[in-house]
Amino acid sequence: MAMSSFLINSNYVDPKFPPCEEYSQSDYLPSDHSPGYYAGGQRRESSFQPEAGFGRRSACTVQRYAACRDPGPPPPQPPPPPPPPPPGLSPRAPAQPPSGALLPEPGQRCEAISSSPPPPPCAQNPLHPSPSHSACKEPVVYPWMRKVHVSTVNPNYAGGEPKRSRTAYTRQQVLELEKEFHYNRYLTRRRRVEIAHALCLSERQIKIWFQNRRMKWKKDHKLPNTKIRSGGTAGSAGGPPGRPNGGPPAL
C-alpha cells in the first residue's frame, strides 16, 4: 500500500522501452511473448512476493544439490561399551585418603621404600620347616666329588685323594723322565724330589712312572719278574727225607 501511494504522489517518469523486435533480434528475450506482456510491468512490481519466489528456488536448489552430491564415507561407529564385570567381583574404587591426612612427598616416599629391610635370602616354608637350614648353606663337596686335573698338579701335592685319573704327561716331561731312566732305573728320595720340582709333577707321579717304566723294560728284555715267586721251586729242590731226588724209598 505504501508503494502504490509513493508511486502516485511522486513524479515518476515512465521509461521508454525499445520495441520488442529489437529484444528478440538481440536474444535478450524470447519472441513468443506479446507486447502486452511487458505493458503490465508496473502492476507486477506491486504484486511481487520475494519470499515465495525465494522459497521455491531454495527448495529446488536443495533437491538438485542433494541428487548430484556424491555420498561421502559413512560416519565412524562409536566404540562398544566395556564388558560388565563378573557377578562375583565388584569394581574397586581407588582408595581416597581421609580429609585430615597429609600425603607424603615423593622424596619421603622413596626414602621409606629404600629404608625397608630386604627379605631374607632363604625364607623357610612354614609347611615344611627345616631346622638345619640346609637350603641356605653351600653344598658339601666331598673328596670323591672333586675332579683332579693331573696335568697341572701342584708340586707341593702331598696326596690324600682316594681316586685319581690317568696322568697325561707332556712330551718334554716324558723326554726328561726317559733321560733319567737311561742312567738310573731306581731313584732315591732326594733325586725324586728334584725331578718332581723340575717337571712340575708330584713325587707320587714320578714314582708310578718309574715303576711302569721298569716293568716295560723287563718285558722288552724278557727278564723274569722278581715280584712273582713260584711255589714249586722250593719243592723240586729237595724232597722229603729218605727219598733222594724224589725217587722211591730205599728198601
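In case you wondered, yes, glycine gets a Cβ from its N, Cα and C as well.
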| task | Write down the single range among 63-68, 141-146 that appears in Swiss-Prot as motif 'Antp-type hexapeptide'. | result | 141-146
| request: Could you give me the DSSP helix, strand and coil counts for the DNA-binding region (162-221)? | output: 42 helix, 0 strand, 18 coil
